[in-house]
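Presented below is the structure to which this report refers.
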């Protein structure tokens, strides 16, 4: 299929996948490529435009990532964002240096000249900044089009060559007119139509899976969560009875989750489902382990070992399906992005794994996964389940995991989710869950001294898990949760509410 394509060159910045997502929201297909992708490979993609992303690096650093400068001479529009703008300026003859006035967070942008990229926008607007360098000398043919109080060169352009740069991050929602800026770039400057939607993704993914798998059999790691459910359904549409779904109860699931998965997929959706009770096995492997990364890798490796064992029972199976999505890949790090945490769907897999992977959702964000699921006819009660980490409660029981701690957390978590549902907030809250820290505190219950665990409630609002704001739950709701937890869950005498956004925190504690 010939479709409009925007290539996003990834330099490792925190928000880079959001850029690709914003472009897709405007019905234009975007594809992320590593910053060092060859000029020939970029040309082979036949892009209508190129976007250069942000980066944690500095353009004047010794190992600054760069792209082939010939991309600026392709004759197609290029938009540089943050580091991308500085790189464009540096590679085309300008100069960048560290700034004495760094900018992190909200800033007020003032337009200093007319430009197509700001068409129809006010002269003053809020933007989101994250930079420590600044352009001090422009390349020939460029002009300054916007500034802030601390950044005299906040946007540049060379309209004759259709080269544009912004120092801020239009892809982040905190930039009030960010989507309008991206829209202007795509439609006013690039002249695109917007000819891509998720129906195209589904048909292409199904065709790709068919071609890859052929007549071979496929094993799906089914958790019952949104991602694995959509991945399983997509693969099932591609290969039908060649797919075998394996559901592993690792003892790290939420209350009632195992029975719900069996009822939904085996009984209602009629999928070929193999159930494995591995609760004791996982707990034995996790005994004495306190470091989060080790827990994640142990859980990921044990999952694979179980699937390999099931493969041996089932006969010849060559492929393993996983519900890996874009944020999993981002947080696991790229060559230029720092690793925040490894995901068992990505960095936690053993090197000697006896499968080839199929990850049909690896280019999608959570909201896109749900839209695909709707198009595939998956029930809403599955699609709107809150995200649940692959390692499950194993990374919500902080430090060492034990049966006792898991039971405490399972009950507390069920109360949190129950009250969110009763309050009608299920679709407003991205995630709401309980965390069990490895400390105990003194309390008093029934005139007696207690020494028990606290429970931390975590609730956030997000669109894509890349950034998240703390959910401002009603005080009355928090009070109900706290009273229920301390009264109904043995071993708990205190409840706290986590009010940290992402960044600086991650959504999960481990």
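Cβ from N, Cα, C; glycine included.
Some features that Swiss-Prot has for this protein:
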type: DOMAIN; residues: 5-195; note: domain 'Glutamine amidotransferase type-1'
type: ACT_SITE; residues: 169; note: active site
type: ACT_SITE; residues: 171; note: active site
type: DOMAIN; residues: 196-385; note: domain 'GMPS ATP-PPase'
type: BINDING; residues: 223, 224, 225, 226, 227, 228, 229; note: ATP binding site
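Feature map: Swiss-Prot annotations on the structure.
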{"residue": "169", "record": "active site", "DSSP (3 states)": "coil"}
{"residue": "223", "record": "ATP binding site", "DSSP (3 states)": "coil"}
{"residue": "228", "record": "ATP binding site", "DSSP (3 states)": "helix"}
Reported mean pLDDT - the domain 'GMPS ATP-PPase' (196-385): 85
Tertiary neighbours of residue 227 (ATP binding site) (same chain, Cβ under 8 Å, six or more apart): 323, 324, 325, 361, 366, 369, 387
Under 8 Å by Cβ from residue 225 (ATP binding site), same chain, sequence gap 6 or more: 323, 385, 387, 388
From binding-site residues 223, 224, 229, the one whose Cα lies nearest residue 169 (active site): 229
ATP site shell beyond 223, 224, 225, 226, 227, 228, 229, criterion: Cβ within 8 Å of Cβ centroid: 222, 230, 231, 232, 323, 382, 385, 388
Residue 171 (active site) and residue 229 (ATP binding site), distance between Cα atoms, whole Å: 29
Alpha-carbon spacing, residue 223 (ATP binding site) to residue 171 (active site), which is rounded to whole Å: 32
Residue among recorded positions 169, 223, 224, 229 with least C-beta crowding, 10 angstrom cut-off: 224
